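Chemist: Take a look at this one; I'll ask things after.
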Number of protein chains: 2
Amino acid sequence: MTFPVVGMVGGGQLARMTHEAGIPLGIRFKLLSDTPQDSAAQVVGDVVVGDHRDPETLRAFARGCDVLTFDHEHVPTALLRELEAEGIPVRPGPDALVHAQDKGVMRARLDELGIPSPRHRIVAGPADAAAFAAETGGFPVVLKTVRGGYDGKGVWVVRSAGDEAAHEPFRAGVPVLAEEKVDFRRELAANVVRSPHGQAVAYPVVESIQVNGVCDTVLAPAPGLPEAEAVRAQELALTIARELGVVGHLAVELFETRDGRVLVNELAMRPHNSGHWTQDGAVTSQFANHVRAVLDLPLGDPRPRARWTVMANVLGGDYPDMYAAYLHCMARDPQLKIHMYGKDVKPGRKVGHVNVYGDDLPDLRERAAHAAGYLRGTIDE
Amino acid sequence: MTFPVVGMVGGGQLARMTHEAGIPLGIRFKLLSDTPQDSAAQVVGDVVVGDHRDPETLRAFARGCDVLTFDHEHVPTALLRELEAEGIPVRPGPDALVHAQDKGVMRARLDELGIPSPRHRIVAGPADAAAFAAETGGFPVVLKTVRGGYDGKGVWVVRSAGDEAAHEPFRAGVPVLAEEKVDFRRELAANVVRSPHGQAVAYPVVESIQVNGVCDTVLAPAPGLPEAEAVRAQELALTIARELGVVGHLAVELFETRDGRVLVNELAMRPHNSGHWTQDGAVTSQFANHVRAVLDLPLGDPRPRARWTVMANVLGGDYPDMYAAYLHCMARDPQLKIHMYGKDVKPGRKVGHVNVYGDDLPDLRERAAHAAGYLRGTIDE
């Protein structure tokens with residue numbers, strides 16, 4: 001066998017960083033991107049520009065690859081089943097990926113497996129959502145379209161029976177899932193990677209701090225998490241990966257409740273924002289292990305290289321020229337690891353992240369927050 | 001200022017790894033490569049295929065870049081002076097780079113600076129080389145063409161007055177430098193990076209173990225090197241960088257003599273094989289710092305992340321399918337960091353390297369040597 005071609009569908013930052021991680025392996029990396037300006041398309045050598053929802057475009061792209069994997073969950077399941085039937089390895093496969101594409105399917109399957117989730121039910125309309133609220137202890141409840149959401153999009157918190165937000169989710173014409181609004185202490189994420197031959201590795205469980213529904217900071221490992229609870233969360237993620245037949249990276253977003261339970265919030269079957277810290281903080285990054293998994297190569301060591309690693313997302317602000325901010329950020333902190341995505345700055349858009357690692361968690365949090373804020377333009381000293 | 005375009009001349013593995021290191025910075029990376037199959041051309045998005053010795057090709061390429069830098073030393077000095085005169089930032093500049101291109105110029109300049117070198121003299125022919133030998137304690141002497149050598153090429157060891165090798169160097173039609181053959185204890189390398197505004201960082205001094213004139217293994221830091229001697233070697237490299245006006249990465253290859261002196265062997269003004277360990281072993285890699293330097297950004301922390309890092313080069317052997325060897329190598333050592341260059345396997349050709357880091361130097365050396373040997377095909381278990 002010669003060096004294989006990994007085809008990745010989607011030109012976002014996850015593909016960009018997967019390419020970066022694949023370069024040392026000597027593999028060929030091929031990208032299907034919506035536009036030549038997409039984050040990954042700027043840095044990848046072999047780019048096909050085309051629409052991943054078009055069967056012929058996707059089929060032609062896939063035929064040039066030894067294995068197909070994904071930057072996002074937006075390729076229709078039926079289309080992936082066709083490609084698999086034609087003999088193209090799709091990793092993760094459609095039967096696994098559907099659980100990251102459809103929250104209704106995901107909840108039903110986790111229930112079967114006895115994996116704890118927030119209480120939930122598919123609801124038919126605002127009145128049914130109110131009935132769900134009454135059954136589960138009252139408002140607020142969370143409504144989610146089963147497909148198409150990310151970063152707080154496709155999710156509504158309904159605070160009362162008369163809340164206007166109760167009507168919004170039903171306008172998209174896809175089923176709507178109602179979930180109890182969990183009174184959580186914090187959000188955690190358990191990241192694991194699994195190979196076709198069944199090997200799996202678990203990264204340390206992290207704390208994910210959200211601001212306005214978007215991940216702001218990740219602390220690795222989650223501070224103060226008892227070892228037994230961390231292991232339980234890792235086992236839960238490994239169980240999901242095995243039972244759903246996931247190949248590649250699986251992120252399990254979790255709520256840690258005030259009464260000490262852990263409930264599954266969301267699944268993602270690709271490298272994930274909660275795993276970006278691994279680029280500088282782990283022996284093997286989530287991106288490198290995703291590539292190894294989809295190629296069915298032995299996985300790399302997921303252990304941390306430092307006591308603590310802190311990741312902070314860089315969001316777009318009012319100030320468009322982030323490069324000008326490099327001088328101050330780099331001079332202030334020579335250990336700062338900047339990861340920018342090549343995206344135009346728009347307010348609130350994720351355009352990069354920073355990692356710092358070391359022994360002093362408060363110091364690391366200050367440095368990560370400072371760099372992210374300075375790049376965004378909300379801190380000017 | 002928007003994100004700048006760094007143009008790199010030469011499509012070898014150094015450009016490949018510089019691109020990899022530049023991706024997180026969000027910069028644009030543009031490559032001038034001899035062929036579309038070159039190591040870097042396989043993985044870079046923006047590639048111009050053309051001859052770097054052709055003035056019009058180079059000029060057109062350079063005009064699309066904010067700064068020009070190099071994977072190799074083969075662009076004629078005069079041509080770089082023209083580009084500089086046209087206002088294109090060339091880093092390192094021609095007045096610095098000539099010292100890495102021409103060993104005669106380099107030796108003369110180091111003499112002026114009082115930097116210790118092996119005794120040396122430009123010689124006119126085999127008889128003159130014999131006279132040089134007589135002046136400096138007899139044969140063997142080393143003859144080098146002042147331009148065009150690398151990895152043992154362009155270097156001849158002449159063992160006696162009648163040695164056939166004494167005639168070879170004079171056939172190339174370029175000046176020939178005679179040097180005493182230093183009775184060294186080992187070879188060291190001092191790697192530093194310098195910015196246009198004068199900031200500089202020094203990596204730990206490493207030991208470089210050569211086999212048949214080609215770097216085989218690098219130990220970082222150099223075991224048993226007294227702190228004072230290490231600092232002297234770093235200061236020597238920083239002095240050379242400053243006095244020659246180097247911008248970017250400078251590798252100073254050194255002989256450590258049996259009587260405890262350090263002599264300069266060669267200079268390279270680009271990321272260097274003796275610095276590959278920094279990819280996994282230092283806070284900031286030589287490649288990332290080279291990019292930061294040529295853009296005049298503050299430099300990253302050069303300190304090591306582990307007690308020891310060992311790099312072993314992977315040379316081509318008789319066995320062409322290195323990818324097949326991944327299964328065993330990765331399963332045997334989940335901490336192994338493989339860096340392959342996408343090059344066809346030819347016996348003796350550098351096609352990749354591996355890094356391992358940790359606390360136990362003998363264990364790391366065994367693991368690096370095993371992986372390099374297994375990939376090459378000289379170890380089969």
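Glycine too: its Cβ is placed from the backbone N, Cα and C atoms.
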Chemist: For the ATP site that TrEMBL gives with B:Lys103, B:Glu179, B:Glu180, B:Lys181, B:Val182, B:Glu187, B:Asn265, B:Glu266, which of B:Lys144, B:Lys337 also belongs there?
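Modeler: Looking at B:Lys144, B:Lys337, the one TrEMBL places in the ATP site next to B:Lys103, B:Glu179, B:Glu180, B:Lys181, B:Val182, B:Glu187, B:Asn265, B:Glu266 is B:Lys144.
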Chemist: Please determine which of the binding-site residues listed here (B:Lys103, B:Lys181) has the lowest count of neighbouring CB atoms within 10 Å.
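Modeler: Per-residue Cβ counts within 10 Å for the binding-site residues B:Lys103, B:Lys181 bottom out at B:Lys181.
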Chemist: By a simple count of other Cβ atoms within 10 Å, which of B:Glu179, B:Glu187, B:Glu266, the binding-site residues in the record, is least packed?
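Modeler: If we count Cβ atoms within 10 Å for the binding-site residues B:Glu179, B:Glu187, B:Glu266, the smallest count is at B:Glu266.
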Chemist: Looking only at DSSP and grouping its letters into three states, which state does B:Lys103 (ATP binding site) belong to?
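Modeler: The residue in question, B:Lys103 (ATP binding site), is helix (DSSP, three-state).
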Chemist: Please find, for B:Lys103, B:Lys144, B:Glu179, B:Glu180, B:Lys181, B:Val182, B:Glu187, B:Asn265, B:Glu266 as listed binding ATP, the greatest distance between any two Cα atoms, in Å.
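Modeler: Taking every pair of listed residues, the largest Cα separation comes to 18 Å.
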Chemist: Where does B:Lys181 (ATP binding site) sit in the DSSP three-state scheme?
Modeler: coil
